[in-house]
């Protein structure tokens, strides 16, 4: 009788364990912040097609990747800063997230820093990655933000072969600065090596020693 009871208990335990296990095709809930992709002068949201596809292949959810289209294509901070602020607020509301991460190309880097420095973005962003960013037009240092518990982490990626934005504008004091070679300004948007550094930056691999 004891053997029969023990066998029954073992069988019941196995059944319950199978029922409790998630389906083999189920994916774990994304732990990433929503990502806002910020284009530069004369750019558009489609500039980030390759980067979006790469991030999706690395586990980011497609519905958490947002690419802004600025009305003002000249990169004017006074116009693009407020639009970016409103856009981030909408993303936070839609996703329920507390913060976003930003990947910005060219003048989009300056627009992002302007938003952080002057328009309340300092407590709404966790990680910033700039690609050939014209960062120095707003700040030459990695702005810490306004969250007392967590500085904004920065990764600034730029190329010695960039003929549009000089490297000295892209470098941010206190950030993780990565100088590459053989990649043009537009090429930063579709380069596999750059993609790897973007992933690291979005996963908290940036720096802020300020």
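Even glycines carry a Cβ here, placed using N, Cα and C.
For reference, Swiss-Prot has these:
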| type | residues | note |
| --- | --- | --- |
| SIGNAL | 1-28 | signal peptide |
| ACT_SITE | 106 | active site, nucleophile |
| ACT_SITE | 162 | active site, charge relay system |
| ACT_SITE | 185 | active site, charge relay system |
Pairwise Cα distance for residue 106 (active site, nucleophile)/residue 185 (active site, charge relay system) [Å, integer]: 8
Euclidean distance between Cα atoms of residue 162 (active site, charge relay system) and residue 185 (active site, charge relay system), Å: 5
Distant-in-sequence Cβ neighbours of residue 162 (active site, charge relay system), under 8 Å, six or more positions away: 132, 170, 183, 184, 185, 188
Residue 185 (active site, charge relay system): tally of other CB atoms within 10 A of its CB: 18
